[in-house]
């Protein structure tokens, strides 16, 4: 009798683990989409950076956001505020925008390679800059030793955990949009390396600026949507299936 009961328990547990595996294998390892930190106020896309007027737009709260496409492009939006220990009334703040390409190595290392001429930073130090923030180009390759995608047990949404080059975990990011909300995946502000007679380069830049302007005008009409679980095996479904299997197992355990 004990052998039958033990085998039944193993079957129930195996069925539960299989259901979890089927549900997670589809998207659990994908970084595709727009991810945002807990403040849920910082997102990539035209709401953070206007490449036409080269304007960084300050969110209501600090935070971090990354977006990734399926074909190797990424975008980053960062709003950081750090305290001033000498004068708490003068916190320093920086807004950083970058985009470019990314690659994932066989050992799981994630490397972000920005487009050098497109990165921008707005730095504010009110106690030392006379109220005039510093706006400059920004170019910083980022290397993450590894990353992990999982499901937050409390909110039931996907989370992205990035680990810095030395293995230190960063603040977790939460899936906000899929497909990602991003600016065009090409050089937004190319430098003037060609002559004035280069009509193709000039036309390309005008075309890009028109594309970006339309993106800005339609910032509230993006096709990026809040990510919701649409598959049959959602986290709630798994819970009910598991509870049902455990209930049936308990009845069979008592019956035999």
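Each residue, glycine too, has its Cβ placed from N, Cα and C.
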Q: Could you tell me which of the ranges 158-185, 186-213 is annotated in Swiss-Prot as region 'Disordered'?
A: 186-213
Q: Sorry to bug you, but what's the C-alpha spacing from residue 139 (N-linked glycosylation site) to residue 103 (N-linked glycosylation site), rounded to the closest Å?
A: 17
**Q.** In three-state DSSP terms, the structure that residue 103 (N-linked glycosylation site) belongs to
**A.** strand
Q. CB neighbours of residue 103 (N-linked glycosylation site) within 10 A?
A. 11
